[in-house]
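Please read the structure below before turning to the comments.
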Amino acid sequence: MGLVMWLRTGVLMAILTGLLMGIGYLFGGPNVAFIMFLFSMFFNFITYWYSDRIVLSWYNARIVDEYEAPELYAIVRDLAQRAGLPTPRVAIIPSETPNAFATGRDPKHAVVAVTQGLLRILNRDELEGVIGHELTHIKNRDILIGTVAAAMAGAIMQLAYWARWIAIFGGFNRDRDDGGDIIGAILVAILAPIAAMLIQAAISRSREFLADEGGARISGKPHALASALMKIEQAVNYRPMREGNPATAHMFIVNPFRGMSIANLFSTHPPTEARIERLRKIAEEMGIYF
């Protein structure tokens with residue numbers, strides 16, 4: 001499994017390099033394409049080593065210790081021991097939208113982040129189910145490719161935004177000599193966000209089913225995880241997340257963003273109803289009925 005994740009991460013980095021070189025060639029020819037190649041090498045390095053910090057910074061997440069959040073920290077520590085994992089760092093996101101995600105490049109450098117809203121609406125059993133889900137992502141090493149994909153998707157959309165305005169104003173300054181930059185800007189504005197979302201879609205939705213099963217078995221409470229998923233889904237529909245970056249949607253236990261933006265054209269998660277039904281079957285296997 002580790003080798004597959006490494007290969008998929010390498011493919012994502014190669015895709016980013018190709019996209020950046022293509023944008024550079026479109027707006028500046030071979031010289032700019034080469035500069036973008038060098039930049040992509042630097043960005044790939046930063047993404048691998050620091051993507052978790054990048055993602056956490058998008059949500060103003062704060063690392064806490066066992067003295068600041070004793071109950072949450074104890075749950076993470078105890079379930080990590082049960083899963084045979086080193087205890088990950090714990091972060092709290094200042095958002096009232098209930099949700100959670102895991103990030104990091106490997107189990108030794110992992111972080112489990114939860115929102116204030118999640119801590120507010122879930123009971124202890126439900127919280128254990130959610131933490132178990134995130135720990136399964138860590139154990140299965142989903143966090144590397146998920147975090148790298150989020151950082152890359154965010155970078156692609158941001159670079160496309162900059163390139164669009166640079167091309168438009170640059171085109172005007174050259175008296176619209178051939179309109180090429182304007183056409184290029186339009187193409188980038190349309191295609192780059194789609195490329196970013198396709199990168200997100202490359203993160204298999206089946207990973208969520210596996211993480212649900214793992215979370216149910218680690219916590220021993222599939223019914224509580226099912227209840228948590230329902231609560232989160234209902235709360236997100238009522239109060240979708242406004243802060244952060246849609247490029248991270250696939251990282252959360254439930255997609256926290258709603259609406260008709262490009263970020264929602266590609267589904268990042270299986271339907272919550274299907275996940276709950278699978279948890280019901282897992283519960284029956286464990287002799288639990290709900």
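Note: Cβ is positioned from N, Cα and C throughout, glycine not excepted.
Remember, it's a predicted structure, so these values are computed and weren't measured experimentally.
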Per Swiss-Prot, member of Glu66, Glu208, Glu233, Glu243 binding Zn(2+) alongside His133, His137:
Glu208
For the Zn(2+) site given as His133, His137, Glu208, which other residues of the same chain have their Cβ within 8 Å of the site's Cβ centre?
Ala102, Glu134, Thr136, Asp142, Arg207, Leu210, Ala211, Asp212, Gly214, Gly215, Ile253
I'd like the Cβ neighbour count for His137 (Zn(2+) binding site), meaning other Cβ atoms within 10 Å of its Cβ, all protein chains included.
25
Which one is it: of the recorded positions Glu134, Glu208, which Cβ has the fewest other Cβ atoms within 10 Å in this structure?
Glu208
Contact set, same chain, for the transmembrane segment (32-51): CB under 8 Å, 6 or more residues outside the stretch:
9, 13, 16-17, 20-25, 103, 105, 147-148, 150-152, 155
Could you state the whole-number distance in Å separating the C-alpha atoms of Glu134 (active site) and Glu208 (Zn(2+) binding site)?
10
